[in-house]
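**Q** Have a look at the structure that comes next, please.
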Amino acid sequence: MVNCSLEADFTWAERIGSTCPYEAEYSPFQWNYFVSFIVVVVWFLIARLLFDGYYRLTGSLPNFSLAEHLTRRDNPALAVQVAAYFFSIGLVTRGSLISLPIDDDKLGEYFYTFFAYQTLGLAFMACVMLINDYLILRQIHNFTAIIQKHNVGVACVEGGSLIASAIVVAAAADGQYRTSEINPAGEAITSTDFGLGVLATLVYWALGQTLLISYVLLHGWLYSMDIDISNVAIVHTLYMEQEAEVEMTSASASDAPPAAPEAPLAPSARPQSMLSQIEANGNPAAGLSLAFDLVVAGVAIRTPIRAGYSLMTMAIWVPSVLLVALPLIHVYMDVIILRATNYRHNVIHKRNWGAALLLGSLKLLVVLLLDTIYQSNCATHAYIDHGLCEEPKYPNSLGGRLAVSAIPDVLRWQAPLALVLLLLLLLAIKLLVRLRFALLSSSFSLDDSLADASTSATAIVFAGHSFGQGLVLVGVATCADADVGRHAADLFGWTAIGCVLMLVSQLLNDKLIVRGLSNAQALLDDNVAVAMMEAGQSVATGVVIHATMVGGGTDFAEALGSTLIFWVLSQVLLLLFTAVYRKMTVFDDLEQIKSGNVAAGLGGAMTLVSLALGMAYPIRQYGSIAVFVPVALTGFALLVALRRVLDWLILPGDKLDDEILQVNWGAALIEGALACAIGLITNTYIKQRPDFDVCA
């Protein structure tokens, strides 16, 4: 990586301690950024008021109050929807501003771009909620389900739809729409066409929404197929279990004659699709599973948009990922990871939200790896005729760009190699998790624990470790070496190093973050709060190590030195932030987590991830300690201030600390989602030159 000047020949020591970003026009500390951040916070407040207005208009509640329903009525379903709403705003903000300069002479362009895309984003979100109400979950009124029935399953689907749509919008807005003209001197002059950029965003949002709706409806149809056709043994088991429940109900009531228990439904009469389960029963596991599938689909749709403008590449990529790659991955997960149960049965009938979280996060990890592998497009004629991957020539017109004939540049050995390693890595992590618990209890079975709907802690920890470690592999795969053998060595070697660092981080979590308690024993006792803290720390560490792995360079010693330095600093900062965060709260966070307070565990975990999102990006862009530490500490301070803003402006009413003490995990979820959104938005203040290549 290079810091300020593409021509500067920095040594490793000069690069790791360089202060030149502060002297350059791309300094992360400018007064313009402070003004921008204040505007962002004010916009979140406006968005919160607009959310109130949306429900007052569409829900026939003229006096609807978001704060009242979230705090005094403790509505977890509404909290899920609001958290997704705020996080989606963060995604759109980051996408529209990440590559836009904020120089003094371009402040006007910066802020009208911000407000234009924010307005578009909110309009899109309103459309998504209406589409979700009238098309996807059309058998039930979403407002009634969320506000009156507290249907978390419906809220999860709506949240997944919002985030997936925001991912597509952020990809379309990123980079702006640039056109090129040749001046009389024969030089290419590049400029930004704001109008065409907005038009491209509208086109891609409409196309992305069509693909998302089609995917959900196809998903619902596949899951609504008769279960007795696909698996007769499972039907028989379900039917016998239901009969046994009826017999136990009849035998247990001897004092007074009870009402006659309902006869078990025949298997074919039972609703089988996730959509019907969400609508009829508020199945949170089914809602969470479908929400993850929507987000995964959003990332898959995002990838060809980011790589170029060709609709041909989208037509090739999206079906290949959603209809071929992910179903195969699903089978692998079902057979290898959740082999003690059938996934559909576990989610739909057992309502195992831990299994839904695990499989959903692993699918997301796979599609993030695929997104990393697919970096550019190849002109069709050059690839077919000569086997060469040449970048297509994109005309200035939007129609011309969409019609460009191109194919994704993924037909290389590096792609399947990374996927195979990821699958092996997940299997290795499962073996390590199993060994960890087996050392405490010889009778422990990880497969049975993952399949047991009454225990979710092991699934959460497994998901957190897998996702964090998987992010390391994604970072290594970002800058693929043209030499397949060398690339394979990089993948295996650096992934192994990342695995060791993750294990040490886990030990630090056990001894320092949740001290005075055996994490493994707490997880065996199904302490979900401890599981969330450990998973959050794993993901946060994975985010930071991922950033250190991205970049060019061939000197192994220098790369290892950088990785270790930033890992140590990140662990110190995460521990420091945890200590300060606990001093801020009026309650004893550690005791609350030990006692199993899910809200305390969730809030602490998501805040750690948000801090990692903010401090990882400068590592990727600059690779300098002199930039990393001040930016991380600034993010630290912003998150502390954000907690106060959340208390005073976003959720006026009961204090956030009081809500967490009352185990209101919905309030903690909103706190975490806002923090993660702010972490992503601070990435827009880390600038590099337009021709900067992180893999150079």
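Keep in mind that glycine also has a Cβ here, set from the backbone N, Cα and C atoms.
Automated prediction, rather than curation, is the source of TrEMBL annotations.
Note that the coordinates shown come from a computational prediction; the quantities given were computed from them, not determined experimentally.
According to TrEMBL, the protein has these features:
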TRANSMEM  31-51  transmembrane segment
TRANSMEM  78-98  transmembrane segment
TRANSMEM  110-131  transmembrane segment
TRANSMEM  194-218  transmembrane segment
TRANSMEM  311-333  transmembrane segment
TRANSMEM  353-374  transmembrane segment
TRANSMEM  417-437  transmembrane segment
TRANSMEM  491-508  transmembrane segment
TRANSMEM  559-577  transmembrane segment
TRANSMEM  598-619  transmembrane segment
TRANSMEM  625-642  transmembrane segment
TRANSMEM  663-686  transmembrane segment
**Q** Against which stretches of its own chain does the transmembrane segment (78-98) lie, if we need a Cβ under 8 Å and a gap of at least six residues from its ends?
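**A** For the transmembrane segment (78-98), the nonlocal Cβ contacts are 36, 40, 43-44, 47-48, 51, 66, 69-70, 110, 113-114, 117-118, 120-122, 125, 146-147, 150, 152, 155-156, 158-160, 162-163, 165-167, 169-174, 664-667, 669-670, 672-674, 676-678, 680-681, 683-684.
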**Q** Take a look at 110-131, 559-577, 625-642 and tell me which one has the most Cβ pairs under 8 Å to the transmembrane segment (663-686).
**A** 625-642
**Q** Grab the same-chain neighbours of the transmembrane segment (625-642) for me: Cβ-Cβ under 8 Å, and only residues 6 or more beyond its ends, written as numbers and ranges.
**A** 16-19, 21-22, 28-29, 37, 41, 565-566, 569-570, 573, 576-577, 580-581, 584, 607, 610-611, 614-615, 618-619, 674-675, 678-679, 682, 686
**Q** Sequence-remote contacts (6 or more beyond its ends) of the transmembrane segment (491-508), Cβ cut-off under 8 Å?
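**A** For the transmembrane segment (491-508), the sequence-distant neighbours (Cβ-Cβ under 8 Å, at least 6 residues beyond its ends) are 417-418, 421, 425, 428, 432, 465, 468-469, 472-473, 476-477, 534, 537-538, 541-542, 545, 549, 560, 563, 567, 571, 575.
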